[in-house]
Amino acid sequence: MRVGLGYDVHKLVENRKLILGGVEIPYEKGLLGHSDADVLLHAIMDSLLGACALGDIGRHFPDTDNKFKGISSIKLLEEVNKLIIKNGYIINNIDSVIIAQKPKLAPYIENMRVNISNALNIEIDKINIKATTEEGLGFTGSMLGISSQSICSVIKK
């Protein structure tokens with residue numbers, strides 16, 4: 001068994017959609033990034049790539065490549081899954097946390113789990129997502145951005 005750790009952060013800005021776990025969340029701001037800036041999926045992808053010693057999302061989907069401009073991170077997650085399978089790994093589990101002062105994310109977590117389960121073609125009980133705040137501290141607490149952390153375990157076939 002191997003484990004991987006992922007982390008991502010993006011700045012909150014006006015005139016962008018807020019996408020987390022492939023779910024569009026109603027909010028006055030969204031995350032700034034080259035793709036859809038889905039911090040949850042970016043952290044998950046980095047944890048999976050790390051567990052398989054396949055680098056990180058910047059290596060596979062560079063922000064200097066216009067073909068990834070505005071792309072759905074669900075599509076990128078599907079590509080990461082193909083790489084994992086090609087290299088002989090099976091996902092054992094994923095545990096993630098989203099750190100955001102606002103908006104409240106609990107109502108959207110199950111839909112995020114469904115999206116991730118579908119993109120990775122794994123059972124939903126292998127995916128856990130939590131949401132928390134930093135009690136008004138730091139850049140997430142002052143609502144300047146949202147971050148996410150993810151850990152996963154994979155098994156070599």
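Every residue, even glycine, has its Cβ placed from backbone N, Cα and C.
Site annotation (Swiss-Prot, ligand divalent metal cation) includes Asp8, His10; from His34, His42, the additional listed residue is His42. Cβ neighbour density within 10 Å is lowest for His34 among the binding-site residues His10, His34. For Asp65 (4-CDP-2-C-methyl-D-erythritol 2-phosphate binding site) paired with His42 (divalent metal cation binding site), the C-alpha to C-alpha distance reads 17 Å. According to DSSP, His42 (divalent metal cation binding site) sits within a helical segment. Cα spacing between His42 (divalent metal cation binding site) and Asp8 (4-CDP-2-C-methyl-D-erythritol 2-phosphate binding site): 6 Å, rounded to the nearest whole number.
Each of the binding-site residues Asp8, Asp65, Glu134 was scored by other CB atoms within 10 A of its CB, and the lowest score goes to Asp65. Look at Glu134 (4-CDP-2-C-methyl-D-erythritol 2-phosphate binding site): DSSP puts it in coil.
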